[in-house]
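So that you can see what the record holds, here are the features copied from Swiss-Prot:
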type     : residues                                  : note
BINDING  : D92, S93, G94, G95, F96, D146, Q195, G222 : substrate binding site
ACT_SITE : D92                                       : active site, proton acceptor
REGION   : 253-259                                   : region 'RNA binding'
ACT_SITE : D272                                      : active site, nucleophile
REGION   : 277-281                                   : region 'RNA binding'
BINDING  : C310, C312, C315, H354                    : Zn(2+) binding site
Amino acid sequence: MLQFELLATDPASHARRGTLTLNHGVVQTPIFMPVGTYGTVKGVMPRSLHEMGAQIILSNTFHLWMRPGLDVMQSFGGLHGFEQWNKPILTDSGGFQVWSLGAMRKITEEGVHFASPVNGDKLFMSPEVSMQIQTVLNSDIVMQLDECTPYETKGHKTTEAEARKSMEMSLRWARRSQDEFHRLGNPNALFGIVQGGMYKNLRQESLERLVEMDFPGYAVGGVSVGEPKDEMLDIMAHTPHRLPAHKPRYLMGVGTPEDLVQGVADGVDMFDCVMPTRNARNGTIFTRFGDLKIRNARHKADHQPLDPTCTCHACAGTEGVAWADGGRGGFSRAYLHHLDRCGEMLGPMLTTVHNLHYYLNLMREIRESLDAGRFGEFRARFAADRAQGV
């Protein structure tokens, strides 16, 4: 089931505000989806995700198929029961992960033959197999199996002819995914994925042919795959707003806070990216006033929180709770610097909570600005704040 309601639009851009109703709940859009590849957002308890305002998370079909496997998933009634998350989940098809295997895989019209990265077993992924796996996972949003068109391979930039060949196979796989999804009687929602590389004419053709198939929602794939930033922004400016206005639009694997704000202006409703969690584990912190490198020596004795405007557990602590009852203030940059330098696991846990809170709060502020008819003002203030530096 999927219902999308458009609540507001910005007259000066393609930005829009909506609600997305799925089998496991209602999602306010635009939204960022934290990535939980193996059925967990690294280092974060489901309760913490709830508290920071996560409405929907993403998990990975390929990796969950490898481990723990479908028998285990089926015994829990799907991914929600397995990971104890009662809100919506989106699963990607596994196509990007199979593509990432490089020499370990062989792509044919029927699907992808590859060696398991876990134990070397010979395996096969097809549109039908992907739909069967995602049906067992019982994710609220299912993605078609597609071929991720690379920007370049070993220094060779993908030509238009090569991108067309890849796009056309993804379109055939979209139809096969749709047929199998319906055959299985999956009660959730299947999204088609626009491909076409960095070629706008191919993107246009891909989206038109997918729209003819009448998917409940559409994604823009094949971006953030090694292309220069300006080319990614060109595709963002070209493709999302041309998709049907009455259906949700998802930009896959993007990106920085600036990318999210620009993506909303380009008409995107849904985003996912590993950046806030991966960067947190590697010492890069997102704040209202720019990015902070917690490993830098200048933070060794810094008493400030990561972001004085942030209300996350790392920055604000448990405000309003007495010290005797376990209350405390936020953690200092000095303490988080110390945890990082010592390799203590609490360090990346706290920075991950902060970065995810920052992303989710950014999307909340975007939604509020759209509700108030002030998205343009928000964009200007956001850019000025981020340019200040920390």
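Heads up, the Cβ atoms here are built off N, Cα and C, so glycines get one too.
Sequence features, as recorded in Swiss-Prot, placed on the structure.
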residue	record	DSSP (3 states)
D92	substrate binding site	strand
G222	substrate binding site	coil
D272	active site, nucleophile	strand
C310	Zn(2+) binding site	coil
H354	Zn(2+) binding site	helix
Within-chain partners of the region 'RNA binding' (277-281) [C-beta distance under 8 Å, separation at least 6 from its ends]: 34-35, 41-44, 348, 351-352, 354-356
Between G95 (substrate binding site) and the residue listed as 'active site, nucleophile', the C-alpha gap once rounded to whole angstrom: 16
Helix, strand and coil counts within the region 'RNA binding' (277-281) (DSSP): 5 helix, 0 strand, 0 coil
CB contacts for C310 (Zn(2+) binding site) [other CB atoms within 10 A, all chains]: 20
Spatial neighbours of the region 'RNA binding' (253-259) far in sequence, C-beta under 8 Å, 6+ residues away: 96, 221, 223-225, 232, 236, 271-273, 275, 286, 358-359, 362, 382-383, 386
Between Q195 (substrate binding site) and the residue listed as 'active site, nucleophile', the C-alpha gap once rounded to whole angstrom: 17
Count of other CB atoms lying within 10 Å of the CB belonging to G95 (substrate binding site): 26
